[in-house]
Amino acid sequence: MDWRTVIYVILLVSLRAAKALPRTSQDIEETSIGQRFSQLQENNFKAIALVLFAQYVPGGTFGRAAAMAEAVTALGRRCAAAASDSPDCLKPLDKIFLDTICQEENLPQSADCCAKKDPERKDCFLSLKNSSQGFSSPLERPDAEAACRNHSQHGQTLTAYFIYEVSRRHPFLYAPTILSVALRYEEMMENCCASSEGPSHQVEECFQRQAPKVVKPIREDALRQEHTCGILKKFGERTLMALKLAQISQKCPKADFVTVHKLVVAVADMHKDCCRGDTLGCMRDREEILRYVCTSQHVLSSQIQQCCEKPLLQRSECILSVENDDKPAGLSPLIREFIEDKGICERFAQEKDMHLARFLYEYSRRHPEFSAQMLLRIGKGYEDLLRECCRPGAPSGCRSRGEEELRKHIYETESVMRTSCDIYKEKGDYYFQNELLMSFTKKMPQLTSAELIKFTKEMTTISSKCCQLGQNKLLPCAEEHLDLVLGEICRRHLADPINPGVCRCCSSSYAFRRPCIGKLEIDESYVPLALTPGLFAFHGDLCTSEEEKLQHRKQEMLITLLKYKPQISPEQLGSVTAAFTAMRERCCREANPEACFLREGPELIKRSEKMLSA
């Protein structure tokens, strides 16, 4: 065995040894149900038990999930009170919860899993979670009068039912997130029902105003978790760790590499448990990370002290939302030693991923103004440069071109974002979304009108939020939010393939997904829609005075036109749009708009056909 191999083996062993976060002696043993009950207190313990039972048996009823939660809570209460060493109190938490499920008769799909022994039993229940498709958002706007009557008579039960509904619809959502949303739900009920003696329309308006504050965190957290799990599943642990390394290095630029790397490994391990649907494992991992972050805040970040003073269940959300810490004084923007040092190729050959990780750490902590995805592209560019320039026979000065290529990539990325923001500021929400609709309908004509409108609406919202920020925050805001939307599109492609171009962009590289989709042009494999009598239908709803409904209807027609004539030129589109606007104005002035559209619509289609064939 030569010396390089010896060093590589020592490095691997040291990395594996450094993998786990430092743990206190009480953490090494599995936390017992009594200890868990004491940590969380009864109400939180019972609520988390309800979350867990609803997530593991999404087809079960509220009554049975609540009864199982009550039984486990009663056991926790007994074990905490007596510090009992009875066999039931010493069982692992996973086993207690699964035993409770398996003692119930006729629970949907559970019989096959309950026939297995652990750990196969647990894996079986997790596979049921993975196969459940989930449902739409649980909070429909309630009938004001009925909701307030239920709240006054059954307040606690109503909140428990809300927790159950959210949990079964989102079997992978983090339990403390569901509890924090349940608190917002309780606040909404208290606030809106306090005025229930007044006119019913005031209560209804209260629900309309406050319901988004309850629904939005569910949707956003579920989307973020699905997004992270999608990256892990499609691109693997290495990509997820690189992403987390960039993000944590930006948030904690004063922390040393070893500390940041330990945290990255722990976060990646946590996501593996969370993405498997292992609710208890996910919670344990997250709490261990929070404990480490808060005991190491002096070396991590000066921004997290207030978060660490919050109750355990509120810390995670707080830490994720804090601002990046200030950079250490004297950090140069460039890290030339990774290019110019004579021993770079030798270190790259010996350390591979660890050397690349150090580069990514050093570059990320220096550049909070870059998005994490852009930092991954810079890291990939550096890796490609070393692979090319460190091979035998590479020309001298090969590595020196790296700085120029880096400047070029940064300029291109910033130019794309600036141009997009300039268009948004010039056109405003509606017309900017129309520009996106024209682009994405040509790239992905297989998507439905509803999907195209939804995705481009989300992109427009990102522009409205990010384009008002300064240059130092524009890129992280825009690209990291856009990455979530592109993740949605790629998961949609995974479920129902869109086209070869989207397949290539969604499969080849996570870091380059946004530039790849940006460069897609008209899908040449698409067969345009045939002109049938019902393809373009004009009705009285075009005369609505509700601007939002009219814009939505016009966008649907724009999408249909583009699916019919993908190669339409801007001039042709302008002519057709002007002809349509003139017809709409004429018909909406008439006493019977429907009859007018029935008469004028076919004529507009004939004239448009001539314009499009010119």
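Glycine is no exception: its Cβ is also placed from the backbone N, Cα and C atoms.
Model, not experiment: these values are computed from the prediction.
Pulled from TrEMBL:
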SIGNAL    1-20  signal peptide
DOMAIN    21-211  domain 'Albumin'
DISULFID  Cys79-Cys89  disulfide bond
DISULFID  Cys148-Cys193  disulfide bond
DISULFID  Cys192-Cys206  disulfide bond
DOMAIN    216-408  domain 'Albumin'
DISULFID  Cys229-Cys275  disulfide bond
DISULFID  Cys274-Cys282  disulfide bond
BINDING   Asp278  Zn(2+) binding site
BINDING   Asp278  Ca(2+) binding site
DISULFID  Cys294-Cys308  disulfide bond
DISULFID  Cys345-Cys390  disulfide bond
DISULFID  Cys389-Cys398  disulfide bond
DOMAIN    409-606  domain 'Albumin'
DISULFID  Cys421-Cys467  disulfide bond
DISULFID  Cys490-Cys506  disulfide bond
DISULFID  Cys505-Cys516  disulfide bond
DISULFID  Cys543-Cys588  disulfide bond
> Rounded to the nearest angstrom, how far is the Cα of Cys389 (disulfide bond) from the Cα of Cys421 (disulfide bond)?
Replying inline: 38
>> What does the structure give for the C-alpha distance between Cys79 (disulfide bond) and Cys282 (disulfide bond)? Integer Å is fine.
In response: 23
> Given Cys275 (disulfide bond) and Cys390 (disulfide bond), what distance in Å do their CA atoms have, once rounded to a whole number?
Replying inline: 38
> Within 10 Å of Cys206 (disulfide bond), Cα to Cα, which of the disulfide-bonded residues Cys193, Cys229, Cys467, Cys516, Cys588 are there?
Replying inline: Cys193
> Taking every protein chain shown into account, which of the disulfide-bonded residues Cys345, Cys516 has the largest tally of Cβ atoms within 10 Å of its Cβ?
Replying inline: Cys516
> Of all the disulfide-bonded residues given, namely Cys274, Cys282, Cys389, which is spatially nearest to Cys308 (disulfide bond) at the Cα level?
Replying inline: Cys282
>> Spatially, which candidate from the disulfide-bonded residues Cys193, Cys274, Cys282 is nearest to Cys467 (disulfide bond), comparing Cα atoms?
In response: Cys274
> So how many other Cβ atoms are close to Cys505 (disulfide bond), meaning within 10 Å of its Cβ?
Replying inline: 23
> In Å, rounded, how far does the Cα of Cys282 (disulfide bond) sit from the Cα of Cys229 (disulfide bond)?
Replying inline: 13
> Name the residues of the same chain, 6+ apart in sequence, whose Cβ is under 8 Å from the Cβ of Cys274 (disulfide bond)?
Replying inline: Phe172, Tyr174, Gln225, Cys229, Gly281, Cys282, Asp285, Arg286
> Using Cα-Cα distances with a 10 Å cut-off, which of the recorded positions Cys89, Asp278, Cys398, Cys506 are near Cys390 (disulfide bond)?
Replying inline: Cys398
> Taking the Cβ of Cys193 (disulfide bond) as the centre, how many other Cβ atoms fall within a 10 Å radius?
Replying inline: 21
